[in-house]
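*Asks:* Supplied in structure tokens, the structure appears directly below.
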Amino acid sequence: MTPRLFALIPCAGTGSRSGSAVPKQYRTLAGRALLHYTLAAFDACSEFAQTLVVLAPDDTHFDARRFAGLRFAVRRCGGGSRQASVLNGLLGLGEFGATDQDWVLVHDAARPGITPELIRTLVAALKDDPVGGIVALPVADTLKRVPAGGDAIARTESRDALWQAQTPQMFRIGMLRDAILRAQREGHDLTDEASAIEWAGHTPRVVQGSLRNFKVTYPEDFALAEAILARGTNAS
């Protein structure tokens with residue numbers, strides 16, 4: 001049986017660094033909620049069996065009417081960290097018939113620049129891989145190490161062989177679930193799915209990502225994201 005594809009969007013964060021009282025995934029960019037662009041990209045990929053959005057149990061900002069016409073499901077099972085939210089979402093995918101051998105693509109809600117083309121490029125590159133992998137970009141900037149709390153450069157770090165991780169991150173549901181459970185048992189709260197897979201002793205692959213697929217994090221990021229998204233909206 002051919003493994004199926006599922007998408008998982010952890011959306012339980014508060015976006016504290018974005019400088020807004022409204023979680024960043026619900027901020028309006030180019031006429032739509034930021035989250036809309038992420039959901040629309042996966043909705044355009046009809047090969048996915050389901051897209052599951054994981055919300056915080058007490059989320060009062062989500063309004064399904066803002067995403068009318070898009071195919072996705074919502075479960076209010078978010079945890080206290082990204083890792084916990086992803087784990088709960090993986091467990092929730094079983095409700096939609098997902099098995100351990102099916103693929104899941106975990107994507108940050110705050111990366112609205114994702115495109116169906118990039119999603120399909122990742123799937124095509126990894127669908128026969130025994131582990132899976134992520135989209136990422138080679139580090140282009142010079143890296144400086146600065147001690148915590150300071151502002152003086154301690155040294156320059158080599159950027160050779162360094163890649164900046166993005167999402168989606170694509171792994172078998174069972175492998176990712178077991179890797180996260182192991183990390184939790186051993187007291188590690190990891191910031192992305194590939195880290196959990198690495199912790200379990202596997203070697204994920206990298207697939208070339210895109211500059212437009214950046215994570216909206218700080219207040220100044222919204223203007224850049226809006227410019228990119230507005231251009232795409234006008235082009236369509």
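Even glycines carry a Cβ here, placed using N, Cα and C.
Swiss-Prot feature annotations, pasted as is:
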- Arg17: site 'Transition state stabilizer' (SITE)
- Lys24: site 'Transition state stabilizer' (SITE)
- Arg159: site 'Positions MEP for the nucleophilic attack' (SITE)
- Lys215: site 'Positions MEP for the nucleophilic attack' (SITE)
*Asks:* Among all chains shown, work out which of the recorded sites Lys24, Lys215 has the most CB atoms within 10 A of its CB.
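*Replies:* By the 10 Å Cβ neighbour count, Lys24 comes out on top.
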*Asks:* I need the CA-to-CA distance for Lys215 (site 'Positions MEP for the nucleophilic attack') versus Arg159 (site 'Positions MEP for the nucleophilic attack'), whole Å please.
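*Replies:* Rounded to a whole number, the Cα-Cα distance is 20 Å.
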*Asks:* So what sits near Arg159 (site 'Positions MEP for the nucleophilic attack') in its own chain, CB-to-CB under 8 Å and at least six residues off in sequence?
*Replies:* Val139, Ala140, Asp141, Thr142, Leu143
